[in-house]
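Reading through the structure tokens given below for one structure.
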């Protein structure tokens, strides 16, 4: 009996110590500062905003300048260019269109753009565009493609290197086209559909494709070789890399994607789940719609090395997950993003109710971002 009581007491002590070990706001701040302050110095980053979602609650931290010339500090309202983290918005909006019955990932691309008459487009589905597996679409749409006619000409003349689904080659020209075609049945522009179906329902009031005049004061300058820059307009930019947002809105975005049960709109809730479904396996990584996932727990090396451009931008064999596997809570879900003057990173583990947003007004190497995020979240889990 004594043995049993002692055992129970030990178990209770262990379980209570787990709760007692919950971090205070000051402890979270210390953990974040110890990683971010030296990172900013080493990478010469003018300004950063970070949100940590710990036990489901957001904590915000800001450093440095949003505008060096005018001495404007980074605040919780500062707008940063998200770069390719914009693709996660594209994936969720596409998932919402699927949930509404407007599109199917199995649909041929030509159903939504009949003018694509080239033979190479036969057999390419929306799924392939959304997951970079169409057969080798290029990373960027060429700069001289400036209107819809030139865009059609570009896609008509593109020739695949592989059969659809053979390899994954990360490409703005792939998921960008998916986003544009996914909203066609709605009759809305991409920006309008994103605003009505994703941003407004999630109350992301400071997330923009086109930053309005009254928000320009909060729009940070990015810095490239010390010079202030903003992203240049381009074809399918909104769909691939065109979103700007604040650290508060991005924390809300992570919370919604980490646990969509509080999202009122059923199609959006389903869209969030579809974006984290697993459509292809590429090594340790699973490709979703915009989001990329790895099984949790994992070793730091697998995400840090996987984020290096030599791996992330390489053509790698893709194994189809058929039928797609539904979202897995025990996952490291993440996305990097860059423009000429900005670098962002978002990661979360739904099972742990733990996530991070890192926004910087300078582009710096992806592995450095991922390692910093890992170090912070590892200390908080």
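From the backbone N, Cα and C atoms, a Cβ is placed for every residue, glycine too.
According to Swiss-Prot, the signal peptide annotation covers 1-20, on the basis of sequence analysis. Taken from Swiss-Prot, the feature active site, acyl-ester intermediate applies to 84. Residues or ranges marked as beta-lactam binding site by Swiss-Prot: 84, 140, 170, 172.
Overlay of Swiss-Prot feature records on the structure.
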| residue | record | contacts (Cβ under 8 Å, 6+ apart) |
| --- | --- | --- |
| 84 | active site, acyl-ester intermediate | 172, 240, 241, 335, 336, 337, 338 |
| 140 | beta-lactam binding site | 171, 172, 173 |
| 170 | beta-lactam binding site | 132, 139, 312, 313 |
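As a whole number, the greatest separation of Cα atoms within the beta-lactam-binding residue list 84, 140, 170, 172 is 12 Å.
Cβ atoms within 8 Å of the centroid of the Cβ atoms of 84, 140, 170, 172 (the beta-lactam site) belong to the same-chain residues 139, 171, 173, 175, 176, 240, 241, site residues excluded.
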